[in-house]
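A.B. asks: Sharing a structure, written as C-alpha cells. Questions coming.
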C-alpha cells in the first residue's frame, strides 16, 4: 500500500474531529488521518452530551460513520493524549496535529457556598445520565422536592426536562441504567430554571420550550414576581423565532398548574450566595430588572442546584491555555505560545472557539482550521517515514487498546442488542472495561 505523503493526527472523536478528518481527506492532497480518542467509543458530544430524549440529533452519527469509511481514515480509540502519549510525541510522528478536545468542564461562578454538597455542574449531570465512564459513579440528592438550574441555555433545558420526566418517559430513551434507576426514585417535583436576563434576551426556541408542554406529568410556568411591566412586549427588532418563543413564554406565564410536577421559568435573578452547613439548603438571588435594578433579594429553598453557566476545555500538558476563554490558546485555529505560533499544532471545535453554536457549526469551524493546515503543510517539518504507523503499533503492544472502528461497531451492536432486550433503543456500557470486553469478542484492534 502506498504511503500517504502527509500524515495528520486529530485528537478527539467528537463532531469537530470527524469534520476535520473529512475536510483533510477531501482535500486535493495525499493525506491520511488518524483520529485519536481517549475512550474506546467515538462521537463525543453526540454520545455523551445530547439529551437521551433527542434521538433525532444523534442521527448525525451516520455522517460520522461515512467519514470513518473514507480511504485514509483510521480510528485509534482508548488512547489519551496528554497521559498515554504526549502531544510532543504526536508532533514527532505526524506533519500536523489538530486538538478537537471539546469543552468538558463546567465553569464555576465563584460565589460563597458554591462548594456545598448538593451543588453540581450541569455538565457532570449530563455525563452521568448519558453513561459517560468518568461520571457514572456520581451521586445526586433527589430526596428534596425542588431543584434549581442556574442558566438559560440548551443544557439547562435538558437538565430540567430530564429531572421532570416520568420513569415511563425516560425508559423509552437510551438513558444510562443507573440514571434511570435513581431518577425513578426521585422526589423532585419542581424545577426552577433561573436566568439573569429577561424573556426577551433568552435564546430558547419555541420548539425547545414546547417540549415542556408535552411532558406527561409536568406543567410549565413563569414566575410573575420576577418580571417588570411589559416583560412580554415584542420589540421591533425581534425576528420570527424570537417572537414565537416569547409567545410561548407569555402563555406559560398564564398557565394554571394541574399536574404533579412543575417547571418554573424565572428571570432577572442574579445568584449571590448559597446557604447551608455542609449541604446546600437555599440559594439567594438579587432581582436585576433591566429597566430599573431593584437590588431586592430573593431566597429559594432547595437541596439540589445545577450550574449551567458555560463550559471550558480541559487543559493538556504541554499546550498553552487561554484561561479567560477556557480554550487552547490559538489564533484562528493555529495554536500559540509565548514565542508565537506553534508549527504543526492546531485546534478546532469548542476547544478553539468555546461552547458556541450547534453540532453542525463545528463543520465550518473545522474547515477553517483545515484551510490553515493546507496553507502551512509544505512548510512543516516532515516526520520519519512510517513514524505514525510505528507509534500506533507501539500503543497496541503497551495497552489493551487502541481499538479501531470495527471494534466500535462491535460495541455498538452489543449496546443495541442489550437495549432491545429491555425495550430501549440502546443500553450503553458505562465502564471502559466493559466496552473493551465487548470489542474483544472478535479480537479487533489497531
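Placed from the backbone N, Cα and C atoms, the Cβ positions cover glycine too.
Straight from TrEMBL, here's the annotation block:
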- 16, 37, 45, 81, 350, 357, 358, 359: FAD binding site (BINDING)
- 152, 153, 154, 155, 196, 197, 208, 357: NADP(+) binding site (BINDING)
- 6-168: domain 'FAD/NAD(P)-binding' (DOMAIN)
A.B. asks: Of these binding-site residues, 37, 208, which scores lowest on Cβ atoms within 10 Å?
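C.D. replies: Across 37, 208, these binding-site residues, the one with fewest Cβ atoms within 10 Å is 208.
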A.B. asks: Closest of the binding-site residues to residue 153 (NADP(+) binding site), Cα to Cα, picking from 16, 37, 81, 357, 359?
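C.D. replies: For residue 153 (NADP(+) binding site), the closest Cα among 16, 37, 81, 357, 359 is found at 357.
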A.B. asks: Over all shown protein chains, what is the count of other CB atoms within 10 A of the CB belonging to residue 155 (NADP(+) binding site)?
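C.D. replies: Taking all protein chains shown, residue 155 (NADP(+) binding site) has 24 Cβ neighbours within 10 Å.
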A.B. asks: At 10 angstroms around each C-beta, which of the binding-site residues 153, 357 has the fewest other C-beta atoms nearby?
C.D. replies: 357
A.B. asks: Near residue 45 (FAD binding site), how many other Cβ atoms are within 10 Å of its Cβ?
C.D. replies: 22
A.B. asks: Of the binding-site residues 152, 154, 196, 197, 208, which one sits closest to residue 45 (FAD binding site) when you measure Cα to Cα?
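C.D. replies: Of the binding-site residues 152, 154, 196, 197, 208, 154 has its Cα closest to that of residue 45 (FAD binding site).
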A.B. asks: Given the binding-site residues 152, 154, 197, find the one whose Cα is closest in space to the Cα of residue 37 (FAD binding site).
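C.D. replies: The answer is 154.
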